Amino acid sequence: MSDFRFWHYDGVTAVRRSVLLHPAGAGFVLEEPESGWIGAPTDWSDLTVVGTEGSRSAYGHSAIPGWRMGFSGEASPQIAAHLPRGERYGRWIDRFGFWQAAGAFTLVAALIVWGALEAPGVIAPLVPQSWENRMGDAMVGDFGGRFCHTPAGDAALQALVAQIDPHREARQVALANIPMVNAVTLPGGRIILFDGLLQQAGSPDEVAGVLGHELGHVRHRDTMTGLIRQLGLSVVLGGAGGNVGGYLNGVLAMSYGRDAESAADGVAIDRMGEARVSPAATAAFFERLGGKDDGTEARAMTWLSSHPLSADRRRRFAAAVKPGVPYRPALSQAQWQALRGSCAADPDVAKFWGRGL
Amino acid sequence: MDQERIGGDGFAFEGNWRDYAPIAFTNLLLTIVTLGIYRFWATTRTRRYLWANTRFIDDRLEWTGTGRELFLGFLMVLVLIGIPFLFLQFGAQALVLQGHGGLAAILTLAAFVTIFYMVGLARFRALRYRLSRTWWHGIRGGSDDQGFGYGLSYLWKTAVGSLVLGLMIPWSMMSLWNERWNKMSFGPHMFQSAGNDGPTFRRFLLFYLFPIAAVVLGVVFAFAAAPMGGLQPGGNAGRLGAMVLVMGLFVLGIYAGLGLIALAFYAKFFREAVAGLSLTGLNFHFHARTKDWFLLFLGDIGLVIGTLGIGAIFLQYRHWKFFVTHMGATGTIYTDELTQSQTKTSRHGEGLLDALDVGAF
């Protein structure tokens, strides 16, 4: 055999040996002539690749941790034929080739992202309503005692609900003592109007528009879709790691999506038309909330932050006003005052900052 | 031949960014198209290259960690920690909505303490993992300690460190460094860490001196500038503009000053910490001074900004190179006495660390 030298560590001590390789049977024996050291017989099939970096190659032993042999330059063809080949990008990618694998991954990634965005809309209607109700009840309970109740206010709210939601699609419509210009639909078909919204609204018709819109979310089960989407995205984008995933997740999950909002507007216009409440005030309400001097900070606290305003939306409500229809106010003046004063008049209601939050 | 006397620094980096570039770019591409999943294999490829180009005395290091085990570690963390926390988050939200704010606060606090404990645990286990996958002359490092005790130490020492206006922070940092390294070994030898936080304290005091100096300087400057402002031809508007400019520079100066102090402190801290570290006959040193760290970060910023962010893929390379070129060792090592490590190796990687995003060293 040639006098081509390998370096060798036996994995037991750190002593470096300069060895000759003698083929023997299905493998080889290493020998260091200077010291007379001879290693145990090794099969070619026991060799694993440790690394090939530049002209340096290093191999390990599948059963002996730390056992290494290697060389610089080119091994003789007889030996090279027995040496295993190393991984480059990883086993799967090496098998398909870099560009093929990258292409396949791109396709799969696109499918997964598309699935994560679309699937919730498909899955949500399949979740039994009773599950959603129970989950919603567990999450919300009595809202920490923040619901406003006065006999006259409750009656006025019921009157409004009876017009906009005659079939009682929402399980609960309640007024909460929270000074934000907002309204939310929670899982389990619960719509909660915030007192701040009532104070900001100029007429009961505006509240009717918001209520109709939220009713659309209840009907289409958008909150369930949103919850599933948020869960799915956090799993999918969890792989991306770091803040990028978090930001993307937040942006994607923040609103129900344009289509859902547009559909909810459709429901609102539909319900208002049936109840003969004019959509004109809602259009004006959008304009008032969205426009003018209040900065983005103020807007972040309003209904518009989760329901982005577009000129199209406002125009759609404005265009829904049909001439010749005998519109009537959603509530009488007395009812409207009772509803607006409900939170201030309720002595038992928890204050927004009073507990917990 | 069984004895190696160390001349020079002991450590050298022999890599080259042009050789590393193909690894970095393919890693970036594959990480993007796999929605981030490939990053475990990317990390492994990067480390293989960096370790294989790091020479210690007469031979190079070797990284034997795999992407698969990092991925497994990540999945473990996702199941063991991620899912409970997801429930906790929803639970706390529900409790707040139902008016049980106190209970929610207690739950949240418990979660915070748990996370804090996990960060300590993660640091320990990441160091253990990295040593157990680092080979030199066919010998690896490791630790037989699971790190649970270290997690507790991390909790209470960090808490104590923040007492007395944070004056105990250098002590807490150094004592944790020592505790971590004293549990580590390479081959049959335990590391010995006796880093001393005393010499770092003077620089640490600058954190307290600087705000005082800044306020004094600000007041002096304001008094000096007030009469001069009246003489300016621009009148009120010009004076206001100048004031705003000065205030802006002042705030910028405070940030830059605090950053520089942090850098100076950390440079000294790291030198002291490494200087206290030894492994049988080997004593380690770290030579980087504040200026070197400053240039490193300046280079980082320039690289990332100049390449519109793409250069970030070279940061790991730059930091490793910085670490190795400033690392030194003196003393004697007997290779026949450096026998194989008998420590256990876990089959999962640094999932916890990866999830909590803290550094190992």
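Positions of Cβ are set from backbone N, Cα and C atoms, glycine also.
What you see is a predicted model, and the numbers here were worked out from it, not measured in a lab.
Taken from TrEMBL as is:
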type     : residues  : note
TRANSMEM : B:20-41   : transmembrane segment
TRANSMEM : B:70-90   : transmembrane segment
TRANSMEM : B:102-124 : transmembrane segment
TRANSMEM : B:205-228 : transmembrane segment
TRANSMEM : B:240-267 : transmembrane segment
TRANSMEM : B:293-317 : transmembrane segment
| Among B:70-90, B:102-124, B:205-228, B:293-317, which stretch has the most Cβ pairs under 8 Å to the transmembrane segment (B:20-41)? | B:293-317
| request: Please work out whether the transmembrane segment (B:205-228) lies in contact with the transmembrane segment (B:240-267), by counting C-beta pairs under 8 angstroms that are 6 or more apart in sequence and asking whether there are at least 3. | output: yes
| query | Restricting to the same chain and to residues at least six past its boundaries, which positions have a Cβ under 8 Å from a Cβ of the transmembrane segment (B:240-267)? | reply | 170, 200, 203-204, 206-207, 210-211, 214, 218, 221, 225, 229, 232, 234, 288-290, 292-294, 297
